[in-house]
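Here the structure comes first, spelled out in structure tokens, and everything after it is commentary.
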Amino acid sequence: MSRVLAAVAWPYANGPRHIGHVSGFGVPSDVFSRYMRMAGHDVLMVSGTDEHGTPIQVQADAEGVTPRELVDRYNRVIVEDLHGLGLSYDLFTRTTTGNHYRVVQELFQGLYDNGYIIAKTTLGAISPSTGRTLPDRYIEGTCPICGYDSARGDQCDNCGNQLDPDQLIDPRSKINGETPEFVETEHFFLDLPAFADQLNAWLDTRDGWRPNVLKFSRNLIDDLQPRAITRDLEWGVPIPLDGWRGRDDKRIYVWFDAVIGYLSASIEWARRSGDPDAWRQWWQDPEAQGYYFMGKDNIVFHSVIWPSILLGYSSPEAGSLGALNLPTEVVSSEYLTMEGRKFSSSRRVVIYVRDFLERYDADALRYFIAVAGPESNDTDFTWAEFRRRNNDELVAGWGNLVNRSISMAAKNFGEIPAAGELTAEDERLLAAVRAGFDSVGRLLGKHRQKAAITEAMRIVGEVNKYFSDQAPWKLKEDKARMGTVLHVALQAVRDCNTLLTPFLPHAAQKIHGLLGGTGVHAPMPEIVEVEDLDNGRSYPVLTGDYTVGAKWEHVAIEPGTPLAAPTPVFRKLDESIVEEELARLEP
Ligand SMILES: [Zn+2]
């Protein structure tokens with residue numbers, strides 16, 4: 001057993017999540033965490049909503065609300081989205097807590113004390129007509145990298161690159177259109193080049209990473225520059241240095257505070273658990289492992305910047321929290337497109353998680369993401385393919401096996417029948433299913449979820465073939481053999497259900513019940529309203545008790561367990577849903 005940190009990307013609190021978001025970070029991290037817990041590891045799965053930064057302030061301005069009101073709204077929405085998918089966070093919190101502010105400021109201070117944060121004079125924008133500072137969000141211009149004509153002073157939303165206002169071509173004030181004047185102003189920079197050798201040496205020790213992540217990270221290190229970690233902005237974590245603490249025009253840059261969330265959420269979890277030092281087991285024990293889950297646009301933060309922050313805080317002199325572990329692995333996914341197009345809320349090329357869950361089951365989406373999601377290539381979500389996979393694989397493959405084996409046993413025996421002497425075919429099938437704990441488990445441990453679920457469904461196919469070959473419905477005259485075949489089939493269903501539990505936890509719990517099982521098989525997260533630990537406002541978190549539930553192992557079924565006629569576990573989707581759903585998209 002080992003301690004495993006599952007550090008999941010922090011969704012930005014500017015709107016509900018769409019299925020592209022959750023296919024990249026949400027579902028894969030949950031499948032992994034569920035499997036690791038079942039396999040006996042002590043998992044800490046943390047994340048939260050990322051709530052600072054210019055885009056939040058811009059959107060709040062546009063809606064005539066405060067940033068705080070905006071993030072309160074979307075924090076709640078996102079918590080509900082993730083809850084609906086059954087994502088088993090030990091703690092899903094947010095970045096506007098008192099705890100997070102303290103931890104961010106502590107890391108800033110530690111890096112500063114070690115000499116890795118440097119003050120630099122840069123050019124900041126002021127309005128010539130008023131003489132006042134123009135925050136980044138009020139400056140717009142053409143992106144020097146991709147040519148997009150509405151890039152903001154801190155970031156281009158088209159190519160995703162971070163910018164400085166004075167880099168924009170033809171900058172203009174969004175307030176009155178005037179050309180800003182640039183005057184000297186001071187900001188803090190993280191001295192990333194100072195970590196280049198350590199980062200390269202560390203990456204040399206990483207095996208098993210997806211090759212694209214490793215290659216991309218190495219290229220980034222070749223070209224490291226000091227990176228600004230403060231901005232001209234009012235919404236964010238204050239800078240914890242004398243002379244800066246009280247300023248309301250400068251804040252810590254959102255990306256710097258958000259990556260620290262992995263640590264602050266672990267500390268918050270520990271404080272809430274009653275043992276405030278419990279987080280150290282995942283962050284300071286050299287045997288502990290840390291896996292970070294994200295979409296590929298966030299690799300730089302996790303394979304270069306976050307490790308630099310951890311290195312710089314930990315040495316030469318560790319800060320007051322002590323030295324911190326580097327990531328074991330950065331698990332990045334590619335992009336999910338939709339009907340051949342990029343997701344876009346503004347163009348209505350979007351499927352929100354909440355809308356999806358109103359019409360379909362969470363496990364139908366979880367299945368699609370596992371079997372056809374963007375694990376190592378960009379993949380496309382189409383409604384036709386979603387329906388096909390749901391109907392042909394989930395319903396006709398797995399659901400049908402569950403249904404016909406349980407209903408035949410219920411009808412003919414009213415209970416799980418005992419097995420007589422097993423034939424060679426019976427033995428072969430049971431052994432093939434049991435081998436799945438090894439083959440599926442090994443793939444899950446290596447983040448090869450697509451291969452893992454394909455292997456699990458191949459085993460389901462073998463059980464279906466056994467069932468058809470043995471044709472227990474033809475054994476009315478030989479009730480003993482019929483009982484044996486059904487016993488073997490139900491045992492196989494029981495074990496297949498365990499193999500599929502990390503992917504399909506809702507269905508797995510149901511099937512557990514259909515087989516006469518009681519209690520929790522696949523634990524689920526719950527939404528709990530909590531008080532801020534440092535006298536801030538209360539907020540909802542996702543948390544749960546995941547120490548209960550099935551283990552990753554074969555469990556013998558008990559003959560004599562009463563069985564009732566099963567209700568269907570999965571829903572077949574009508575052909576009409578494809579056109580209905582396409583009609584919801586903008587043409
Ligand atoms: Zn751009």
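Every residue, even glycine, has its Cβ placed from backbone N, Cα and C.
Keep in mind that this is a model prediction, so the values were computed, not measured.
Positions annotated as Zn(2+) binding site by TrEMBL: Cys143, Cys146, Cys156, Cys159. Annotation for Cys156 (Zn(2+) binding site): spatial neighbours Cys143, Ile145, Cys146, Tyr148, Leu163, criterion Cβ-Cβ under 8 Å with sequence separation of six or more.
Among the features that TrEMBL reports, ATP binding site is placed at Ser345. Residue density at Ser345 (ATP binding site): 12 other Cβ atoms are found within 10 A of its Cβ, drawing on all protein chains shown.
The domain 'Methionyl/Leucyl tRNA synthetase' annotation in TrEMBL covers 5-405.
For 416-539, the entry in TrEMBL reads domain 'Methionyl-tRNA synthetase anticodon-binding'.
With DSSP classes pooled into helix, strand and coil, the tally for the motif ''KMSKS' region' (342-346) is 0 helix, 1 strand, 4 coil. The motif ''KMSKS' region' annotation in TrEMBL covers 342-346.
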**Study point:** Contacting binding-site residues, sequence order - Cys143, Cys146, Cys156, Cys159, Ser345 vs ligand 1, Cβ under 6 Å
**Key:** Cys143, Cys146, Cys156, Cys159
Study note, to complete from the structure: CA pair Cys159 (Zn(2+) binding site) / Ser345 (ATP binding site), Å rounded to integer, equals 17
Point to revise | Model confidence over the domain 'Methionyl-tRNA synthetase anticodon-binding' (416-539) (mean pLDDT, whole number) | key: 97
**Study point:** Counts by DSSP class (helix H/G/I, strand E/B, coil) across the domain 'Methionyl-tRNA synthetase anticodon-binding' (416-539)
**Key:** 79 helix, 6 strand, 39 coil
Revision key, fill the gap. Near Zn(2+): residues not in Cys143, Cys146, Cys156, Cys159 with Cβ within 8 Å of the site Cβ centroid are Pro144, Ile145, Gly147, Tyr148, Ala151, Asp157, Asn158, Gly160, Asn161, Leu163
Study note, to complete from the structure: Neighbouring CB atoms within 10 angstroms of the CB of Cys146 (Zn(2+) binding site), all protein chains considered, total 12
Check your understanding: Counting all other Cβ atoms within 10 Å across every protein chain shown, which of the binding-site residues Cys143, Cys159 scores highest?
Key -> Cys143
